[in-house]
Every structure is written in C-alpha cells, then in structure tokens.
Amino acid sequence: MNILAAGDVKGVPFPKNFLQICKKILCRLFRVFVHVYIHHFDRVIVMGAEAHVNTCYKHFYYFVTEMNLIDRKELEPLVSVTVQWRHPGPPRSSATCHRTLPRPCKLMASS
C-alpha cells in the first residue's frame, strides 16, 4: 500500500502558501457569519434556524481558535455571540440576542 507523505494529495505537494490560502478563506467565511448575525439574524429566527446557525458558528469558532487560523482579535465583531456560550449566564431571549451585536469593524470594511 502506498502511503502519501503528509501534505500531499495523490503525490502532489500542497503549495507553499497553502496555510495562508486557508486562513484567507476562513477569514472570508467569518465575514459571512458576521453579515448573517448583524443583518439577517431576525430572518434566521423567523425560519427557526437560529440553533443551526449558532451551532455552525460555534464549530467554526472552536476550529479556527484551536488551530490558530484566525487571530482572536479578528473575531471581535461577534464577541457578544461568543460570550453567550463561552460564559453562560442567565438565559436570554433569542429575539434579543442579535440586537446586542456590534456594528462591523475594520474586518468588514477590508477585503
């Protein structure tokens, strides 16, 4: 059985900037989460998809922070969402959670 070297796909090595490309993709995906939470979360609630979106973001957050793929400072636009499940407090109405989100910062303005 032929075992491929780490970082190889069918014998073709990953490009040298593979990690940078992945970080850029994940940063852009984070911007999508920010956009959804800030501009469309009321619609997400109406559709009954709040738990699904929150779960997707939670998995995303844990993955990028565990693997150091996005600087924690860059994750600040959704810090109020993150704080809710990282530091549980009294239950909050799902209808009011999205209203406490900060407005987009430099991350949203830059491409």
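The backbone N, Cα and C atoms fix where each Cβ goes, and this holds for glycine too.
As recorded in TrEMBL, the features of this protein are as follows:
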type	residues	note
BINDING	HIS35, HIS40	Zn(2+) binding site
Other CB atoms within 10 A, centred on HIS40 (Zn(2+) binding site): 13
HIS35 (Zn(2+) binding site), number of other Cβ atoms within 10 Å: 14
